[in-house]
Amino acid sequence: MEDIDATVFYSDEDDCLDYGCLHNNVEYDYDYADTEKETLYELYQYCLNPSLYDTGYKLLPLLGCTILFRLFVHIQYISYKIFHILSVIIGLYIIHHYVHESLIVLIVYVLFSYAILYVPKKLHGGIGIFLPSLLIIAYCEFFMQSVIWHKIRSVVMIMVMKGISVAIDRNDLNNLPDIYSYMGYMFCGVTCLFGPWVSFKDYLLLRCSSNIQAKWWIICGMGYAFLSFVFLSISNCWMHWIFVDSFWKWLIAYRDALSFRASHYFVSYIGSALLILGGFPLSSSMIVKPLYIEFPHSLVQVVIYWNIPMHYWLKTYIFRPSMKNIGTFGAVIFTYLISSLLHGLNFQLAAVLLSLGFYTYIEFQLRAMLADTFDACIASKQCAKRKCIHKHNSSNCWWVFITNLAFSGLAMFHLAYLGLMFNTSDLQETGYNYSHTIDKWNELGFASHWVALATYCIYFLMK
Amino acid sequence: MRLWMLLAVLSVTAYVSLAEITKNKNRGRGSMWWGIAKADEPNNFLPVSPTSMLDSSVYGNLRRKQKKLIRDNPGVLQAISRGANQAVAECQYQFRNRRWNCSTKNFLRGKNLFGKIVDKGCRETAFIYAITSAAVTHSIARACSEGSIQSCSCDYTHQSRTSSAVRDWEWGGCSDNIGYGFTFSRDFVDTGERGRNLREKMNLHNNEAGRTGVVSVLLQHVSSEMRQECKCHGMSGSCTVKTCWMRLPSFRVVGDNLKDRFDGASRVMVSNSDRVRSNANLANSVHQHRDGLSRRQRYNLQLKPYNPEHKPPGPKDLVYLEQSPAFCEKNPKLGILGTHGRQCNETSLGVDGCDLMCCGRGYKTQEMVVIERCACIFHWCCEVKCQKCRTTKTVHTCL
């Protein structure tokens with residue numbers, strides 16, 4: 001702007017044939033591009049303020065219900081039965097308030113899955129415990145509007161995970177939970193909306209715990225809530241403000257993927273905050289570790305720390321039982337299959353999860369082999385500090401450090417590639433379809449899949 | 001008796017101002033405030049009064065009502081100045097590829113910022129009036145919501161407005177105060193135009209068209225989901241919670257809009273009934289001489305299309321009175337620089353192409369060293385630093 005006629009006032013007779021005049025015209029062309037960027041104030045006014053205020057306002061009922069739940073946990077006069085009934089009421093209210101479309105489906109599912117618990121194992125041969133879960137997911141996938149299904153998917157997923165975990169635990173222990181505690185667990189208001197999955201045992205222990213953490217819970221809870229809002233602002237506003245659309249395509253891919261991850265951190269930290277405020281112990285409240293994901297040691301680490309309770313669930317109830325029957329590779333793929341089934345029969349999620357399954361398997365094998373060959377700490381799992389069994393580690397050997405750094409870079413590249421399609425397009429409400437996924441990957445030339453294939457070839461040749 | 005005296009005095013002043021108008025007939029008085037665009041530039045040539053940021057020549061050219069508006073509403077001057085600069089930049093952007101490129105090089109001591117082209121009632125003039133009026137509306141509306149003008153604030157009336165597409169989300173923030181911007185722009189920008197001769201009517205109409213364009217763009221931005229962006233949050237990409245925010249609409253949208261209107265502007269002429277009415281007004285009411293047309297008449301102008309087969313212009317259309325000059329040759333009388341030495345595009349067939357731009361005079365091609373910004377790096381936080389690179393470019397310039 002300052003260039004417009006900054007120097008002198010030209011008179012009418014002034015000649016404009018000289019170099020300076022021409023030069024001015026050249027410079028104008030580059031000035032226009034600058035006018036578009038939002039100022040910090042505008043960012044605050046149009047993005048930060050509305051999204052934070054709006055989200056906070058929306059989450060208030062959930063927060064209130066969680067505090068109420070905590071009160072019920074602590075009041076000793078409330079009997080066992082009444083407590084679970086109250087828990088169900090709170091849960092039903094929250095589900096009705098936030099995702100009322102799923103209310104009927106969930107009630108039917110809970111009753112049905114409880115009935116299945118009573119059927120002896122001989123009659124269904126162990127598969128039956130998965131039956132209600134499969135049915136509810138199939139019903140939602142095929143008979144529900146895609147917008148609604150996409151909205152309630154996470155709620156159904158949490159519920160299904162809880163149902164399956166109770167059913168499998170019961171198979172081992174052979175003692176049936178009573179209907180009150182079962183319903184209370186399934187509809188527990190603290191976890192039904194944003195998760196995470198908590199075990200039935202943890203839920204029952206709520207009332208027995210002597211609350212040693214009583215002093216710090218409120219600070220921790222507030223801290224988690226604050227962090228979650230920081231991540232919300234990153235996801236909604238900062239990313240799009242820092243990386244403008246005109247940047248290089250891989251930077252845009254990284255931005256979209258990071259924006260998606262920040263959204264996941266937001267949800268996870270909200271879940272953590274609610275767990276603590278709802279009276280769950282601090283030790284079980286950790287859901288996600290953003291630093292381990294943003295600067296990953298390996299893809300395996302990303303998968304573990306993406307959702308710690310879910311990882312635990314998959315490991316305990318799916319991976320370990322199936323490993324006995326179908327071997328490690330089969331178990332890995334089966335676990336990722338179950339995981340994508342839990343996420344609904346969505347092509348994009350299935351593609352991402354299965355890709356992740358193959359990637360982690362390749363990476364794990366390659367790095368394990370390299371670690372063995374060179375006797376160095378470059379396996380997928382980080383060596384424990386004191387008892388590293390390898391001779392070389394990052395602190396005494398520079399090439400170990402470099403190798404680990406390279407693998408980190410590779411993991412970040414894969415993450416940008418896998419996460420970029422969860423963007424703010426119109427499809428985010430209905431779920432992303434087949435062509436969206438392929439289009440997005442095609443833009444980047446399926447680079448990450450080729451890289452993974454190359455990695456596998458290296459592994460195959462070295463084997 | 002006293003009444004008569006008063007009327008006599010009034011009629012004399014009216015006569016004087018009428019004379020003033022005929023002297024300045026070609027233009028109308030409404031264009032003087034444009035000089036504010038240069039108000040905040042450091043200026044070594046003219047003495048700057050210490051109390052006001054305006055230099056005296058610009059301030060002196062303002063009308064009394066405009067000075068009063070600025071005095072009564074602290075903060076408004078900066079907004080107008082920002083708006084005027086925005087208008088200049090947008091005008092130059094929109095006309096960058098045309099023979100007339102909205103140059104402000106003829107700027108002389110606060111008078112006629114865009115040069116003497118404004119004396120002609122052509123399309124370009126119509127655009128200038130519309131874009132300046134629109135920019136003032138826009139920047140005042142924004143300044144209100146930013147809190148930099150004391151006499152107005154956010155507009156909260158849009159809060160309860162929800163469209164059916166966004167069921168569970170309401171715009172909870174502070175919206176641009178469109179109403180205030182619109183009224184203020186009418187008061188400030190239209191002060192000089194009384195709507196008595198055809199040229200003033202043209203100016204009034206184009207001012208109003210610019211404002212209407214801004215309002216429709218801003219309203220669209222507030223109430224429809226076009227400019228609203230949402231993001232889903234939930235476990236593993238589901239949509240349990242949806243948060244929404246606004247994407248800032250830029251003045252570019254308004255500029256594009258007005259450029260379209262410029263291309264479809266309608267030529268108008270004096271209608272007979274109009275002339276009769278204004279004569280009757282002259283004869284009947286002294287009071288109306290002072291203020292020109294009353295507010296309802298002012299903005300309800302019946303302008304007749306020059307070509308009787310065309311439709312009469314609507315409130316959003318730009319109107320003009322005479323054909324534009326060719327802008328090919330230098331014409332000091334009209335403040336036209338001509339297209340000598342202008343850059344042109346060798347391959348284009350449009351107005352920016354060398355054939356049309358140079359009016360058939362031909363062009364020369366030369367290699368030029370251009371200093372560009374390059375290797376821009378984002379520094380935390382929050383600035384972008386660039387290096388300056390010298391690159392050689394092939395430039396075609398009109399002879």
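Cβ from N, Cα, C; glycine included.
These come from TrEMBL:
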TRANSMEM  A:80-96  transmembrane segment
TRANSMEM  A:102-120  transmembrane segment
TRANSMEM  A:127-149  transmembrane segment
TRANSMEM  A:182-204  transmembrane segment
TRANSMEM  A:216-243  transmembrane segment
TRANSMEM  A:263-283  transmembrane segment
TRANSMEM  A:295-314  transmembrane segment
TRANSMEM  A:326-359  transmembrane segment
TRANSMEM  A:396-417  transmembrane segment
TRANSMEM  A:444-462  transmembrane segment
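Within its own chain, the transmembrane segment (A:182-204) has Cβ neighbours under 8 Å at 62, 65-66, 69, 83-85, 87-88, 90-95, 98-99, 106, 110, 114, 154-155, 157-159, 161-163, 165-166, 169, 267-268, 270-271, 274-275, 277-278, 280-281, 284, 287, 307-310, 313, counting only residues six or more beyond its boundaries. Counting Cβ pairs under 8 Å that are 6 or more residues apart, the transmembrane segment (A:295-314) and the transmembrane segment (A:80-96) reach fewer than 3 and are not in contact. The transmembrane segment (A:127-149) is in contact with the transmembrane segment (A:326-359), judged by 3+ CB-CB distances under 8 Å for residue pairs 6 or more apart in sequence. Note: the stretches the transmembrane segment (A:102-120) and the transmembrane segment (A:263-283) are not in contact (fewer than 3 CB pairs below 8 A, sequence gap of 6 or more). Here the transmembrane segment (A:326-359) has long-range neighbours at 134, 137, 140-141, 149, 153, 157, 160-161, 299, 303, 314, 318-319, 414, 418-419, 421, 431-434, 436-437, 448-449, 452, meaning same-chain residues at least 6 beyond its ends whose C-beta is under 8 angstroms from one of its own.
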